[in-house]
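Per TrEMBL, the features are:
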- 9-147: domain 'Glycerol-3-phosphate dehydrogenase NAD-dependent N-terminal' (DOMAIN)
- 16, 73, 129, 245, 274, 276: NAD(+) binding site (BINDING)
- 96, 245, 246: substrate binding site (BINDING)
- 170-318: domain 'Glycerol-3-phosphate dehydrogenase NAD-dependent C-terminal' (DOMAIN)
- 181: active site, proton acceptor (ACT_SITE)
């Protein structure tokens, strides 16, 4: 079966409209040059990618919707889409983060499903965008809930010779890996900023992976151990702690002794892109605090406290004397 038999050729991409310093509109420049000169300069998009600043028009008649925006904007976007999409539409979320509500944490894929009444898979993995853009080899993981056929459609859509995609039946596990690794990457960035070395950074990554797994399984007992060995798990954690914007900004934060805020560093270093790790650390902290789990997750708790200035960046290694007293046995957390 050929590619063109399965998928429409034109891909409409909703673009939040911005006026560039030249006075031109971002969407018009993308369509004229086939390049997002603000967020991905130097990379040509396919001529079949059409930027559209009108959200409703961009989704009209589409039966496959790919969500990839900073997670803090998703609730507003979903509200605008209610009643505007096809009943048979399928969604996939590439978004790292969660909404924390009174009743508890809500994953972004669940937010999409609840607000729009459609099924949502997720795509996460060790794939920093600018490296994929220049076609360096990388992998990704599709997480699906029940329908393997839909998952295979997404795999077929994304898979290329340099971007290898596999599917696993574990939406929450895949999505939480993609979300929580940004918190660990902030910790890794503090280590880099303080020049603590590779041994320390490896320790933070290992402890971080342990906390990612424990937190995921406490929230969703269905999360599979094997998911942490997929691209979305340990591989994404490694690449985000070595590169990635969260590590980069956290390094600058630590070098400045925490005297410059993350908001200031984000504005200066990311040119309009958003940090996810700092807001996710806050959301995770809220969940831990609400459920009385703070002592079980010293790394997650410490990262948040450093981000908001309650602790100095050097505290990233000081907590480790207080060893958490939990273990994961047979998929559920045991407390001692």
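Don't overthink the numbers, they just go from 1 along the chain as shown.
Glycine too: its Cβ is placed from the backbone N, Cα and C atoms.
Applying DSSP to the domain 'Glycerol-3-phosphate dehydrogenase NAD-dependent N-terminal' (9-147) sorts its residues as follows: 38 helix, 37 strand, 64 coil. Around the Cβ of residue 129 (NAD(+) binding site), the number of neighbouring Cβ atoms within 10 Å comes to 14. Taking the mean position of the Cβ atoms of 96, 245, 246 as the substrate site, the remaining same-chain residues with a Cβ inside 8 Å of that point are 182, 185, 240, 244, 275, 276, 277. In this structure the residues listed as binding NAD(+) are 16, 73, 129, 245, 274, 276; their two most distant Cα atoms lie 21 Å apart. There are 15 other CB atoms within 10 A of the CB of residue 274 (NAD(+) binding site), with all protein chains counted. With 96, 245, 246 listed as the residues that bind substrate, the site has a largest C-alpha separation of 13 Å. Counting other C-beta atoms within 10 Å of each candidate's C-beta, the binding-site residues 96, 245 are led by 96.
Take the CB of residue 246 (substrate binding site) and look out to 10 A: across all protein chains shown you find 27 other CB atoms. Of all the binding-site residues in the record (73, 129, 276), the one with the smallest CA separation from residue 96 (substrate binding site) is 276.
Counting only residues at least six positions away in the same chain, the Cβ atoms of 70, 71, 96, 97, 179, 182, 246 sit under 8 Å from the Cβ of residue 276 (NAD(+) binding site).
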